[in-house]
Structures are given as C-alpha cells and as structure tokens.
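J.: Okay, handing you the structure first.
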Amino acid sequence: MSAAMDTESTYSGYSHYSGHSKKAHRQGRDRHKSPRSKDGSRSEKSVTIQTPPAEPLLGNDASQVEDGQDDNWGETTTAITGTSEHSISQEDIARISKDLEDSVGLDCKRYLGLTVATVLGLIVFLTPIAFILLPQILWRDDLEPCGAVCEGLFISVAFKLIILLIGTWTLFFRQPKADIPRVFVFRALLLVLIFLFVFSYWLFYGVRILDSKDTNYQGIVQYAVSLVDALLFIHYLAIVLLELRQLQPMFAVKVVRSTDGESRYYSLGHLSIQRAALVVLENYYRDFPVYNPALLTASKSRAAKHMAGLKVYNVDGPGNNASGQSRAMIAAAARRRDSSHNELYYEEADQERRVKKRRARLVVAVEEAFTHIKRLQAEEQQKAPGEVMDPREAAQAIFPSMARALQKYLRTTRQQQYHSMESILQHLSFCITNNMTPKAFLERYLIPGPTLQYDRDRWFSKQWTLVSGEAVTSGLQDGIVFVLKCLDFSLVVNVKKIPFIKLSEEFIDPKSHKFVLSLQSETSV
C-alpha cells in the first residue's frame, strides 16, 4: 500500500511540475509581449539561484505566483522574469570568491589557535614531570636520598596534575560554537601569561639546578610542586575571567529584526562586542519566530497597487503637462491616502476570517484522523504480532485525510515553504509513537515556532557579518549600536546599561498596629 502511495504521489508531483513549467513559459512569453499588466503595474520578481529543498508538501497555484515562488520551481523549469531585484555581476562573483577565501582563512586561524593552545598545554603538563625526572637521568648517583616527605610530594604532584589536566580540558578544549572575527582578548592574555610563567620557571631551573647539578632532590621536587600550585592558581584566574565575570547582568540589549520589526530584550554581563553578538545569535535562533518573507509581500503588493492606480492624462497638450500632472498626482495621492486605511482594515479582517476558517477545518480533520488512529490501534491489538503496523505506516495511512486541510491552511498563513511532506510525516509518526493528542500535533503549524524548530537547510544562515562603529574586541558600553547582517535581513542591537538601583529600608514597629477599643458604659436608656 505504501509503495502505491509513493508511486501516486510521485506521478502527481511530476504532473504538477510539468503544468507549472508550461505556465511559467507561457507567462514568460506574455511578459515579453506586454511589459505592463492590466492595472498598469510592472511585475516585480526576483531570480534566486539556490539548491531546491527536499520533497515539498505544497506547490503554488498560478494565483500565488505573485506572493512567492514555488518550492520546487528550480527542479524542472528555468524562468527569466522581466524585472529583477537581485542580479549577479562580475563584482558579485568576485565578492563570492573573496568570501570563500575569507572562510578558508577563518578555518586556518581557528585551527592555528587550537594548535598553539594544544602545544602550550602539553608543555605546561610535561614541565613538572621533566623537572622531577631530569636529575634522575643526568646525575642520579650524586643526588641525596629521597625520604618519606619527598615521596609524599610525588603523590601530591600526580593528583594536582590530574586535576589541572581535567580542568584545562574542560575550560579550554571545548568545541567552538562559532568563528569570531578577532582574537578573544582574555584567552590570549592567559596564554601569554602561562607561556611567560613556564619560561621563567625553565630559565630558573636551567641556571640554578641544571648548571650547578643540585643534589638536594627534595628541594627540586618542592620546586616542581610550587610550579603545579602556581598553574592551578592561574587556572582559577582563567575561570574568573572567562566564565564568572560575565554572569552578573550589567547591560540590557534590544534586538530588532530589520524586516518585520520583531524584537526581544536580553540581559548581558561584561562582554566584548563580538562575544555579545554570539550570545544574541544563540538567543535569536531560540526565541525569534522564523523569518517568513512571504508575509511581507502583502504590504509591498498593496503599495504597488496604489502607485499603479495613479494615471495622468495629458488633455491640454504637451506644453501644459508639468503643473497639471503635479496637481493631479498630489490630489490622487491625497484621496488614496484617505481611503488606504479602510482597504488595509478590510484586507486584514478578510485574512483573519480566512485563517480562522482554514484553522477550524484543519482541527476537525486532524481530530478525525487521530480518532481513526485509535480505532486502528484497537484493531491491531487483536492481530498477530507480525501484522502490526509501525508508526510510519500508520502516519502514511491517515495523512491523506488531513493533507488537503493542512495544505490550504499552510498556504493561507504562507508557511508552505517551511514544511515538506517528509517533515510532516516524521512529526506525525513521532506524535503517534508517543501517544500525543491532536493539539500536540497541530502546535507546530498553528503557532509559528522559533527558528530552530524548522529544517536546518531552510533557515540556517552560514555566515553573519558584524558591523560596529567600535572595535569588536572592546567591551559593551551604554549607547553602543551594532548590526548583525545576513543575506535576507539584519539584526539591530541597541545596548543600554542597567541603571544603579538604590534600595532603602523602612522599619515598621509591630506595636504600631495595635489599638484599643474603648466602649462607653453610659447609654441613653
């Protein structure tokens, strides 16, 4: 049964692609014949070169070509539109090649820093061991015997080195989450401090112990123990500078998405601008709803329709058209400005009505499908163990009953490009496996979720650009504004310092709440 369904879906998808290809070529010919449409507005399209995603659930109708491109348009068709908002020139190709070279440079810088830190860590870890072993190798016969105290120092050095190794691996050798444009200042300062510290210990060891061949072996071991103790203190300093210093909130940042105005507030500690940008991006993928450019096309099409509706006729001839056109344009713009808010109100009301209608149909269809699942589960319990369907087969069995309602709802809310058929089937089988309710299944589609909820290939931006008027290694300050840019939009970050709060105390005496009720014994009777 599943094979037949796959064959049928493949055939229907192919026929849809073929019909879409014919429509695209027919529209291309009409566009070359008539550069303007019926309402006088020039069609606005954009050519995007990208790899098509996985098998989609939906294809756009011819009526929705204005709102957005089909998810699978690039598989079988090649369309060239009349007006292009994005084009590729020789400068763009050169910039793309430069970005590739920069990415290679960033990878080299990241591995170079990791290599330097690894080599320095090995030197630090092996230096106390070398301090103890070199006298035993070079002048063993001249050394004084090592007593119980000296042997106890061996145990101390061993355990301290193990603790230092675990702490260093935990703090410094974690997998990096991102590539930052500049060096992390505190980490670089700590590496320089450790190098100078170990170098000074080696210098003293070579002058006072190796050259003179000191015979006091217990003193040499104590010298190695002092080195390990000092390294542990440096490790504590690294924890304070790299981890604890940034925990106390000092700044409140407002992050605004430039396209739709979506905003969030976050509290940050003492961080550099580049590290604050990393924190903002981590919170962006978790807190911000996914960016949907299809929701922005309605306002653009409405503005284009208003501008296209302004027509000026030259009645008095070519000599008297300047002032007449200006007055006509001003008057027409004023009239349309007075009525545009009514059009916006009714458009939003109609859109809200259609969304509620599609949502009600979708909820009913999903509830009926899950009711059918319960009947199937009751029937499967009576069958032999070998005949029971797995959750994937059950999802494929009930999906056709809700597919049309889900398709119409996603088109109405312009979410079709974020949900493929495979992702919906996986989510449905997941809900069936964990015995989830229809509301739990619909939560992903009724409420736009955070960016991380969707497929990685559809939302993830591989490269962000940090634009700042200050050096990215400098710390956050009150009033700093920096921008994080990606291909489709940008995040504007405004930094404000948390004000100093003065809290006073007021003591209330418990006896002040007591009172005495005195009753008069005399009455009027």
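Positions of Cβ are set from backbone N, Cα and C atoms, glycine also.
What TrEMBL shows for this protein is this:
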- 19-35: compositional bias 'Basic residues' (COMPBIAS)
- 36-45: compositional bias 'Basic and acidic residues' (COMPBIAS)
- 74-86: compositional bias 'Polar residues' (COMPBIAS)
- 1-86: region 'Disordered' (REGION)
- 111-133: transmembrane segment (TRANSMEM)
- 153-172: transmembrane segment (TRANSMEM)
- 184-204: transmembrane segment (TRANSMEM)
- 224-244: transmembrane segment (TRANSMEM)
J.: Same chain, outside the transmembrane segment (153-172) by at least 6, Cβ under 8 Å from its Cβ: which residues?
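T.: Residues packing against the transmembrane segment (153-172) from afar: 117, 121, 124-125, 128-129, 132, 187, 218, 221-222, 224-225, 228-229, 231-232, 235, 238-239, 242-243.
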J.: Give residue numbers and ranges for long-range contacts of the transmembrane segment (184-204): same chain, 6 or more residues beyond its ends, CB-CB under 8 A.
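T.: Same-chain contacts beyond the ends: 116-117, 120, 123-124, 127, 172, 227, 230-231, 234, 237-238, 241-242, 272, 275, 473.
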J.: Determine which residues of the chain contact the transmembrane segment (111-133) at the Cβ level, with the cut-off under 8 Å and only residues 6 or more beyond its ends counted.
T.: 154, 157, 161, 164-165, 168, 172-173, 183, 191, 194-195, 198, 201-202, 205, 220-221, 223-225, 227-228, 231
